[in-house]
Each structure stands twice: as structure tokens, then as C-alpha cells.
Protein chains: 2
Amino acid sequence: MATQSSHSSYPSAAWRKAYRTGSRPDLRVPYREVRLSNGGTVPLYDTSGPYTDPEHTVDTRRGLPWLRENWIVQRGDTEEYTGRELRPEDDGLKIRHTVPRGAVATDDLRNLDAVFPGRARRPRRGHGGAAVTQLAYARRGETTAEMEYAALREGLDPAVVREEIAAGRAVLPVNVNHPEAEPMVIGKRFLVKVNANIGNSAVTSSIEEEVEKMTWATRWGADTVMDLSTGRNIHTTREWILRNSPVPIGTVPIYQALEKVDGRAEELSWDVYRDTVIEQCEQGVDYMTVHAGVLLRYVPLTARRKTGIVSRGGSIMAAWCLAHHQESFLYTHFAELCEILRAYDVTFSLGDGLRPGSIADANDEAQFAELRTLGELGRIAREHDVQTMIEGPGHVPMHKIKENVDLQQEICDEAPFYTLGPLTTDVAPGYDHITSGIGAAMIGWFGTAMLCYVTPKEHLGLPNRDDVRTGVITYKIAAHAADLAKGHEGAQAWDDALSDARFEFRWEDQFDLALDPETAREFHDETLPAEPAKTAHFCSMCGPRFCSMKISQDIRRDYGLSEAEIDAAMEEKSKEFAEHGNRVYLPLAD
Amino acid sequence: MATQSSHSSYPSAAWRKAYRTGSRPDLRVPYREVRLSNGGTVPLYDTSGPYTDPEHTVDTRRGLPWLRENWIVQRGDTEEYTGRELRPEDDGLKIRHTVPRGAVATDDLRNLDAVFPGRARRPRRGHGGAAVTQLAYARRGETTAEMEYAALREGLDPAVVREEIAAGRAVLPVNVNHPEAEPMVIGKRFLVKVNANIGNSAVTSSIEEEVEKMTWATRWGADTVMDLSTGRNIHTTREWILRNSPVPIGTVPIYQALEKVDGRAEELSWDVYRDTVIEQCEQGVDYMTVHAGVLLRYVPLTARRKTGIVSRGGSIMAAWCLAHHQESFLYTHFAELCEILRAYDVTFSLGDGLRPGSIADANDEAQFAELRTLGELGRIAREHDVQTMIEGPGHVPMHKIKENVDLQQEICDEAPFYTLGPLTTDVAPGYDHITSGIGAAMIGWFGTAMLCYVTPKEHLGLPNRDDVRTGVITYKIAAHAADLAKGHEGAQAWDDALSDARFEFRWEDQFDLALDPETAREFHDETLPAEPAKTAHFCSMCGPRFCSMKISQDIRRDYGLSEAEIDAAMEEKSKEFAEHGNRVYLPLAD
């Protein structure tokens, strides 16, 4: 398995892990402090977890500390219990007998080493199925430690977080079985968040790679991670990811359920699905994508589409509906599903199974019909005290993006919108992080609460390490550009700090304030590799003679001592000009 | 110098050069035909010039054929004449004596081989300084061969091009001394265009690299190229670029003028500048950025900015204004400049010397004050029959982008807007093609006619070959996303063709229809390298069992034979559902 070396350290020596302590000593909220060469510091939001804390010894075989254990236990509304037994089919194995907890199936020796060896754990749930959700607390007016933690990360009053959750306008996804997670909040009132997808598939990838992709994605700023594994070892991979993840983990349970019925959609049933959901609730999955809005009568609406149904979950459910001529079990058992999720505080991410897969299909009847059903299901979920997000597209040209947010906010009672891109054109496979980064920034500005990243490999293959970084950075750009456009408190301070460094030729500070200091440094060094160049008073683009920043500084310097004096002198000269009649063609002779 | 091998061939074997012939046999308009595996073809706009025509023998030492020679000569309003003599300082050399035309300065032996050896050429200009501009023709109601050529490229009636030019809403930049150029039109009524900057600097780069960057940029779709060279060999580099360029070439003459006065801005004068402009007019530069809007009284407005003046040209002119306490010679001699440009049909690109260099400085008084002056200068230029574009920012957060276009269109009488980005955040050096690609797509949608690309090296260093490709592709994405959002005729046909290929698992067609087939292919092959995978009926992301496209197709296939039958069957089932009362919780037993 992955070892310490691959999960450690920030991408810059000038970044330092720091903490703000809240109302209780065990409520220590991490942030990233960027230390500047001029003695200043800039605090930035941090998602990298204990891995970047030098006080923490990284050991993925032990997992992360149980940060929230005391808070959960002290609330006294949950109980430990003996969970369901691990079965070979949980890991996609064909031999259908039960094995003792912690043991492994016999037909896959590779899996032997993979079973998570950390601290023994019994699953926890609300006493007698009681709602132990952040929504339930918020509605009772109780500010949980999790709410305070998330508020401090955003620099806001905890009451704001509580009120937004109570109103259903925000979610704080934290399963009571994922005590390792650092609480964060998703809602339009807060910083726009970014999700990174990881997950092996039947074609390629390993557990080790997936755990490392998770720590790698959060190192670059992913706020949540979805494990979309579909091949073997699904259960075990997820266990390793959860026990090592400082961010909320999302899944799409239907993927694993389908593995359990050997990939035959028509053999899916509520029983298999329910069992899978409970399995994942007990493991600690924080939010689950559920495509319960794919109704039988919507399927014909996709028949004339350019690209039909492109959501995996959506197409599985459509296939089931057609095979049985019934509404899907996700829809018919939705209330029962709510009762399960609320006992663990798992958040719904109501999936848009009929999202458009091409520019031609954007904002069509199938898409918006499903959205109306998601609005209806969201109300049912909230009646059960289950936190709920709504998923959105997909492929949408720029002029049709705003309608998506406006409709979703109206239909779904302002529930947090969680969108994939959208891609603003279909013609650039290999660059879909960019086609979708454009749409993501815009939809974030318009009110989307979380953006699901797209990597350069979208439509072509599975992302590798570099693709994950590129995807996360692109989406952090989109999210931050949206924060700026929304006028979010403090968002511009970061840009200002970097622009100051740029204007003052503090190259090292420019790199350290960048979303990706490694790449910034590397690109600069390609042109001017020598160390002194980083403090040189000119840019590597223009050379010493031409740098406009330099000339601009000279103008200031040559014209007086202080900025006030510059202004006064310049104003005087400017007045003189006006007194001369603002003449366009002054004789050059005078 | 660069040889044939580095300037040839399309990035896909399925792309073929094709031509539409216009109203005369020598009016052959190139396009790129993408041949699909199902026998279909998709025609796409093409900027790559003769290099991608197998009938053409590439020889950069000879230069491109003089496509427009007959058209220019037959109009009978220009004359050949003996141009100014080449001087060593034209190439930034210190020995100040004149040398015979075609010879080189003695203090730079590297330059010996570099003098362009192609067909001898005397410069051409309007008889007695007459306006020979496309604007002058358009105003007289004459449709030039150039207008017809540009119209056929866009699939439009030539009259539309003529009318837009006559109204000043579009420009067709073609110097009579650049007969190699393939005419194209820039205006909001047409496809959004992309400019790529190249150019050596005092720090690095060579002539050979610059010529190859030009052919490389146009191969990926750059509509124009700006040569922003600032070091040695400026004149010679430009000669090589012009003689080999199928796209309009833009420059910023003040850069070269500054070289001639050893980089001392205060020593610049109208005489040096005028001489440089004539030198470049005679060479064939198609459009020139002129920062004539930097007025003395605007400079104080920049004193309290976060990043002062970031345009090189702007800071040079500001320095001159302050040093002399006069309005700049660009402003005071503007009418005279118009008289020069109109005799060659050089298009103004009125530069925004005071554009914002950071989010904090966007849309400030300095920027908009200069814009008002650019509007005034644009009117003077058009009075002289000189075609005119207006340049725009820069760094602008998303919510302030639209104001830029709206104001520019209002103040500048709808003259084509030509913007750099804008970057929508400052915090991602190393990824500024993306921070700016977001802004570029949006500003293109709002009405910008041409987008100046930004590469990943922006703010950090000079772009290499890969950076140029990434910058061009990113901006082609932004431009095409804007075309889609504007509802430009035919723009969506491209997306539809690619989406069809995606849905039908025609992998090769997907790659061939991509903006960058090489990268798409390469990314796909990383995951599924075998040849059969490209026709396999599943995606490399999901594997055979999970592919939603596959399931979506199966739904269609399993449900009937034709699409109409599917619809009918599905509709019937859907009605049945409605007849059962649209009940949410149907009993599972029935």
C-alpha cells in the first residue's frame, strides 16, 4: 500500500499548517498560512488534512485520527452496533458465501494484503433510527461543533452556517461513521467548493493508486472526493479511502449494487440496493448520489436526443425501468431510503440521470422534467431531516447556463446545486477541463454551490496523477473566479496579495501565493533558471529594458517620494494640461 | 532556417485541404475537410495556409505564393516605389550607417544567413497617398476580391462583409505589401477570431523559432499572429514571418522604435516612430497596435492602482509623456499617422495602454478614460478611411466583463473589440490560459470580435511550442463556445457531428473532429492502447459493463427497430403510467 512518502508535504516550503481554535480546545480549524518574503502572511483555506501537518505522522495503514469522535459520542444520540457482515460480493467476488469480518475472499489473493489493518471499529447510527443529521440539529437551533468548525474555515459566524443548513440552502456532509472528516459546508452563501472524482474501473487502476489520488486531490484543494470505483475490491478500496480521508467522501451506490448482480441492470432490486446503501453508511460514506428522478415516462423524452442518456446511474435506472415497466425502486422506496440515511447523517446528492451529454441536448424536456422530480424528492428528504443537494449538468452552451441555476433554485427551494462543468462545447476532447472550466466558473457565479471537476481525460480515458492535479487546479480557478464575481468576503484579498507581489517583483511570493506554486516556479525557471532571477527587477517575458512593471514603478519613483506626493504632482500637471485647453494637437515647438 | 519538415501537414490524416472557388478562378477559398469513417465529411474553417496543401511545396526561403498580387495590381490604385533604405538599427544594431538593401550589419554575423532570400520585392502604396483600404472600397459599395474571399470562408454573402466593413463594425486587415495573406474578417457579426502572439525578446529566442511558431500557431487555428519581438533582428525576423505567413500579421511599432533609441523612452520622437511605421508598412504588416490613448492627464489615475500600468506600450508612452510634459506624439500626430496607414491599408488596433493588470484595477477610471479617447481616435481614423479595431483588457472579474463590451461598443461606434483574455483571477500563474479562457469565452459571447490568446507561461516566461499550442487551442475553445452562445450560423453543426460520433462509438471520428486530434488520440491510447479499442463499443473510462452510452444504445435497440417505433412504444408505456395515476409509491407486488 501507499507509504508515507507519497502523501506528505505542501507543494511549497512557504506554506505552513496553522490552526484557529474555536469554542472548545479540541475544535482546531486548519488553514494554510503563506509566509511572504516581506514578513507578511496570507491565510488560505486548506483541504489537505493532517498530511501537511509536520506534527502528524502519516501512516495510511493506521488511518487518520478520529477528529470528530468526541463530538459524536458526546451528543449521545447514536449507538454502536454490530454491522452487516462483509460478503465476497461486496468486493465484486463471485463466490457467494459470507466470510468473517476482516477476512477476505478466497478467489482474489491480491486482496489479502489490502484489507485495512487500522483501529477496529463498530458502526454507529442514530438510536432507534433517529435523525442525527446536521439538518435536524440546525432546525432545533443547535449549533454543532461541526457547524462551528465549518464556519471558522469560512471566516463566518457559526449562526450563518446553522441558519443556511436549517433552511435547506446548505449541507454539511459528515457521516457519523467518518469521524476522520474535517467538517465543511456547501451552499451558495459560502465559498464555492470543488469535488474530485477518483475510482478504479474494470479496465485499470489499483487500491493504492486510488488512496494516493485522494490525498493528491485534497493536497491541491479538492473539498470533497467521490469514489466512483466500479471493478473489483470496491468495498476494500472505499475502506482505505475513508479511513485516510480528511474530506467528505461521496459515492454512487448503484455502481456497487450493479457489481453484485454481475452487471445485469434488470436484476437490480431494492433489497440489493438497500443492503449496499447500509454497507456504505456503516463504512462512513458522507454523501450518496441517487438517481431517483429517472422516471419511466421521462425515458421516451431522451429517444430523439443527440446523445441519449450519458449518466451511468441514469442509464442503469432507465434500463431497469424499461425492463420491469415499473417506476424504479429508488423512487418507490425513497422514503425508506431517507429513513436509512438520516440515522447516519448521510447527505443526498440527487443525481441528474438525464443530464445532457451534448450541446444539442442542453436544457431539454427530459432534463427539466427530471429536475422537477428532484425538487419533489428533495422536499421529501428534508421532511425526513436528510440533508440534500441537487446535481446538475453536463454539456450546456454559455447562453443556456443561467437558466439551469435559476430553475434549479426555484424548483428545489434553493437546495445546494452541485454541477458537473458544464462543458460549453463538444469539440475539444483532451481539453474538457477547459471547455467545462468556462461553464463551471459561470455557473458558480450564478449560484452553484459545488463544482464537480472534469479532467483532461474526460471522454477519453481514466485520469492519472497529472490529470487529477490539472482538473483540481482548473476547478479551483473556476470556484475562486466565482467567489470573486459573487463578492464573497475576503476572496479578493488573495488576488490583491499576489498582484502586490507581482508589482513589487517579489517573484518567490508570486509563486507561493499561486494555486500551484510548483508549476509557476517550474515555468519561470524554464526561461530564467538562475536563482537571482527570482528577485530580479524585470520579468522573464520582456527582459530588463522592456518590463512594463519596471517602467511603471520608475514612473512612481521618479516623480516624488510618497504616493500622496506623486498624486499631487501629477494632478497639478494634469490641471496644467486642462488649462491649456485640452488641445489635441499641441504645437510640438513649445 | 526552418526547413520543410517543421512546417508541414495537418495533425490528422483524416483532414484534407479543400477549396471553394468564388466568382473568379483565382479566388479559391481554403477549408479543412474532415473525412469520417461513415463516409460523411465535415467542412471546417482553416487558417493553416498552403502548408497543409499537398500540392504546395513548402520552402520558407522562398516564402508563400503571392495570392493577392493580381487583385491588388488590377485595382490599379497602387504604385510600386523605392522604399526606405534598410538601416542597421532596424535590426537593433548599434553601428549607425546605412547598408545596401538586402545586406546585413557587420556586428552581428549570426544575422548573415538570416536575410530573407526570396523573390525581390519593391514596396507598394496608394497613388499619391490615396486610401486603398477595404474600408474605402466598402464605403464606395465595391465588393473586393478580399471581401468575397472572407465571406466564403464564413459561409456568408459577400455583401454582409462589405456592409459591416463600411459601417466600421468589421475590419479586413490586409496590407497591400502582404500579398501572401489569406483574407479574413474581424467583427461581431462573424466567427470570433483568435490572435496568437509570438516574438523573441532580449532574453531568449531566434528567428527560426519565431517563423516556426507562426506556422505552428496557424496550424492549430490562430486567425492572426502578432510579432512582438523586442530584441535583435527585429526587422529581419519580421521579414521572414511576413513572407511565410498566410494570416494577417500585427505588430506594436513602438517596441521597435524604442530599440532604435537604445531603450530610452524619453528619446523617442515622432520622427523615429514615423520612420518605423513606414518601415513596417513597406514590409507588409497588416495591423498595428498604437497606444495613442495614453494621455498625460490619465497617468495620475494609475498612481493608486494595485499594479499601475502593465501594458508595455502604455508604460513607454506614459514615461514619454511624463518626461516631456507633453501629450504623446502618437496622439498629436494621429491624423498624420492615419495618412500613412491608409496608403498601405494597414489597420489600426488602438491599444489599451492603461488596461488593468489585476482584478483590483478592473473597470477603473484610468481604463475607461482611455477608452473614451480611443473612441475619439477611432472616429478620426475612419474619417481617414483607415480600418480600426479597439483593444481591451486584461484582468477583469466575471461580473465586470459585460460592462467592458457594452461601454466599448457604445463609445467606439461598434468598432471591433479585440481583447486580451480577460483573466478572471490573479491567483493562478502557470494556468493563465485557463483563468483568461473563462473571460475570453464570456467576452466573446458578449460581442468581442477577436481574442488575443494567453499561454500557460503568461506572467512567468516566454511560451515554447507546447505553450503556443495550448494557448491557441484554449482560445479556439473560447471562440467556438462564444460562437455557439451567439447562435452563429453553422457553429453547432461541428458539435453535433462530434456528439454523433461519440454516441455511435466512432472513436476515430471523435478524434478527427476534435480541435486537437493528436492530443485526443494520445490520451485515449494511454488507457486503451490497442487499435481495436478505437472501434470498441464502450468507453475507456467505464469498461464494457458500465458504459452509459452503450446502455443508452441498448435501450434504443431493445425497444424496437426504428426510432419512430421506439417513440411510439415508449409513449404508450408512458401513457399507461399516467393512467395509473402517476402514483409515486406504486405497490411493488403488481
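From the backbone N, Cα and C atoms, a Cβ is placed for every residue, glycine too.
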Can you pick which of A:Glu376, A:Glu383, A:Glu391 TrEMBL lists for the same substrate site as A:Asn197, A:Met226, A:Tyr255, A:His291, A:Ser311, A:Arg312, A:Gly313, A:Asp352, A:Gly353, A:Leu354, A:Arg355, A:Tyr418?
A:Glu391
Check the binding-site residues A:Asn197, A:Ser311 for other C-beta atoms within 10 angstroms of each C-beta and report the one with the most.
A:Ser311
Which of these binding-site residues, A:Ser311, A:Arg355, A:His459, are close to chain B by Cβ (under 8 Å)?
A:Ser311, A:His459
Which whole number is the mean pLDDT over the domain 'ThiC-associated' (A:15-79)?
96
Give me the largest Cα to Cα distance among A:Asn197, A:Met226, A:Tyr255, A:His291, A:Ser311, A:Arg312, A:Gly313, A:Asp352, A:Gly353, A:Leu354, A:Arg355, A:Glu391, A:Tyr418, the residues the record lists as binding substrate, in Å as a whole number.
20
Hey, of the binding-site residues listed (A:Gly313, A:Gly353), which one tops the CB count within 10 A?
A:Gly353
Counts of helix, strand and coil residues, the domain 'ThiC-associated' (A:15-79), according to DSSP:
11 helix, 21 strand, 33 coil
DSSP-derived structure type at A:Gly313 (substrate binding site), helix or strand or else coil:
helix
Does DSSP give A:Gly353 (substrate binding site) helix, strand or coil?
coil
Hey, how far is A:Ser311 (substrate binding site) from A:His459 (Zn(2+) binding site), Cα to Cα, in Å?
12
